[in-house]
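Student: Attaching a single structure in structure tokens format; questions to follow.
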């Protein structure tokens, strides 16, 4: 009996420690009786009450502010799981009193002024109030915080002058006042803060000159001085900041020349110096900066030549010397720098030819608008290369038309149709598909994947576009922005739901225009930065750029949102007069360093435009159509008569053959009858590209058949999907996939290069995406690291692709098999939805389609799995599952986990009910955005609701992910599959609803079930596609 009692006592002790251990330990940390100083406790409670935020239980245990995480040295300020957060020092008055030393209220959408009580917390050493909507001014009482070391007010709406009392904070190491609305000059007193290591005053609103007292800031390691209205020359004393590793001076109004003292800054790894007026400088000052990895010296009136020793800068990854006055030849050693990936030399007067060799890492090259000549080296045809060679004098004879297509029209003086105008207008939907406006004007599509150094020429050589620039600090450069907003002052909202972005310079050209006067119409809508009335820090951004028409500056520091009355739902139209005298028209949008850099994301700046057009101010005399290949009307008539006769004879023969083989080639006929026919490859071409389908080139095996990597004669790497011989289902999918994907073109949909239907051979040829599929990245060997921001962008990209399929494409399409293995990643980790073999064209006038069930277990919506009830909400459900997989880094089902975690959707719901959603986030992520994580989980649960009517359309999903609208509350349990058990060969009994699968995502089991209702007692549905490992890579 005594032994039993001891056993029960032991169990009770273990239970007590498991449940109350953490609290007990925290209280043990305060055994001395140390408590928060009552004045500070009152002040902090007043501050939080004014800001309508609460002190969380992690550091406010039983009402004691300085407890838990607040006194736990292992909890760092940078930990996103703790926000808001305070830290305390409890060593005062014989360890009986705690003083508040740190306050973090970061990106919490706090609105209002800073309460006066904050300035009474004199023991503060670290204050982080960044990314809120704080208003009002900073008072002189700021000088009370003399112990302050790190002070951040960046990205708020603070105004008024900076008080001179800031000079009393002599222990300050970091000062961030960037992206605010301050006024007045930069206080001289900041120069007293001689221990400063980091200073960020970009976009702060301050003006005047850089104070002479800044010469004392010799401990500086990082300095951002950009987007300001400063006066005077760049001061010499910056050359004394010899500990600098990062320096940004962009769009400040400071004039040159660049001081020779800059040559002392040999510790720099990143130098961004741009938009300096007056004064000519050479590149002599960089001669000893051999540690640089990023060197941007854009638009600075630089003269002279590129240093011959540039090949010694072995750490250089990005070099931008564009928009200067450099001359001479390009050193061959520059193109062979091993680390260099981005090179911008455009808009200089460089001559000679391109180097004959190029380093493997160099994938983005801009040499546009120079005096380069000669033949192009062989490397220009390499795949995965962004190359802008516009406006030079290259010899292009013998160049394959598929390589740098249209470049002949964009050489110096724009020679195509020069002297014989054939067009009298053009209209372009920038960044979007072809659109017909309410006035019946056709805006041609311009949704090419223009990268950091790119150009495109339209099929009829009517217009062209050229873009250069790399967004600073952005891990995933995006050059098209999309939105589902409806705009209140136009009947053509669709025209403004996409926009072309550029990080530096964006040009549109009208080619072959009849000479005369034109009205140029530019249309804009700010769809990336929210309105400033949105009560979120994401609405505090400012975009500004310059506009030139025919070389004439027509807008300086143009701000789309401000012009629209600070509205993001109003479109803006601008009209300018231009004269065309040499058959071409140029519209140039140029970023001159102005605007905020990082709101709502890193790299949200530079030109943005929705549509471009030009119409004549005269009566045209040209046909406004591409030139006819015929030489004379007589020849045309004779040709037609002869052609009709021959066609009649041939038609009879063809009809006879077709009728004879109709049953055999029904899929060929479907392809031939398509409006937009895919490019047709010969079987021998694809055999050669894949080295006769060599097993070493095999990427995977799917239900459709094997997939091979290949290389075409033009150098393009492709993925070739080969239809399994004799597969009737495969032939149906072959046609379905061609019909579906040929009807759509989008940045987030895999690109079909063409197909082969020669004899019994059926092959599809896709762009090759080197980073494989999302499931491999998430659940594979983890050779590809996806950080949080990348996962979020992948989620947003997939959502945008589905919006296009459901709502924007000419043919509405339900994919039916959205899953992690059907989302491929390109070299920049941009997601592409692939594998349209199960896609259904969808009539949006119908409420749903009844069809046989096809898809992958684990991603199937309940109404579709149970009743074959198909709508676009079927894809929404599958997207929700993929979103959860992205958040958690695990498949939707895993038999190796404990029961409560085995099924991802069920586990997510249980955590949501307990308010512990954050536990779902992948523990392998060292950093993540808490707000985005909760948002993504909430959206995923909305997308997987049992009733399809409760699931949001994908356009609303994009708006919620983008932060344009709030995430709706999840009010009911999602429709996860609870009792429907499947295996690789049969879908067995259904004993209830909702449903849950038992197969892990990594098995990628797809199945096809009969169209009719599936019987719960006698279900003979069988997986007919089999395992789709690495499908479509």
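Glycine too: its Cβ is placed from the backbone N, Cα and C atoms.
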Student: Tell me which range among 616-636, 637-657, 658-678, 679-699 Swiss-Prot lists as transmembrane segment.
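Tutor: Among 616-636, 637-657, 658-678, 679-699, the range Swiss-Prot annotates as transmembrane segment is 637-657.
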Student: According to Swiss-Prot, which residue out of 351, 771 bears the annotation N-linked glycosylation site?
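Tutor: Record says 351.
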Student: Given the glycosylation sites 351, 579, which one has the fewest other C-beta atoms within 10 angstroms of its C-beta?
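Tutor: Candidates: the glycosylation sites 351, 579. Fewest Cβ atoms within 10 Å: 579.
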Student: Among 264, 280, 347, 393, these being the glycosylation sites, pick the one whose CA is nearest to that of residue 94 (N-linked glycosylation site).
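Tutor: Given the candidates 264, 280, 347, 393, the nearest one is 264.
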Student: Taking the Cα atoms as reference points, how far is residue 60 (N-linked glycosylation site) from residue 144 (N-linked glycosylation site) in Å?
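Tutor: Counting only the Cα atoms, the answer is 26 Å.
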Student: At a C-beta cut-off of under 8 Å, are there same-chain residues at least 6 beyond the repeat 'LRR 10' (339-361) that contact it? List them, or none.
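Tutor: Cβ under 8 Å, 6 or more out: 293, 298, 306, 314-332, 367-377, 379-380, 382, 388, 452-453, 468-470, 504-505.
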Student: Which whole-number value in Å describes the distance between the Cα atoms of residue 393 (N-linked glycosylation site) and residue 351 (N-linked glycosylation site)?
Tutor: 10
Student: Say we define neighbours as other CB atoms within 10 Å of the CB. Which of the glycosylation sites 94, 181 has the fewest?
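Tutor: It is 94 that, of the glycosylation sites 94, 181, has the fewest other Cβ atoms within 10 Å.
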Student: So how many of the residues in the repeat 'LRR 1' (97-121) end up helix, strand or coil by DSSP?
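Tutor: Helix, strand, coil within the repeat 'LRR 1' (97-121): 5 helix, 11 strand, 9 coil.
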Student: Counting Cβ neighbours within 10 Å across all chains shown, tell me which of the glycosylation sites 144, 393 comes out on top.
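Tutor: Of the glycosylation sites 144, 393, the highest Cβ count within 10 Å belongs to 144.
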Student: Tell me which of the glycosylation sites 60, 264, 280, 301, 347 sits in the most Cβ-dense spot, judged by other Cβ atoms within 10 Å.
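Tutor: In terms of Cβ crowding, the pick is 347.
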Student: I'd like to confirm something. Which of the glycosylation sites, 144, 181, 264, 280, has a Cα closest to the Cα of residue 351 (N-linked glycosylation site)?
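Tutor: If we rank 144, 181, 264, 280 by Cα distance to residue 351 (N-linked glycosylation site), first place goes to 280.
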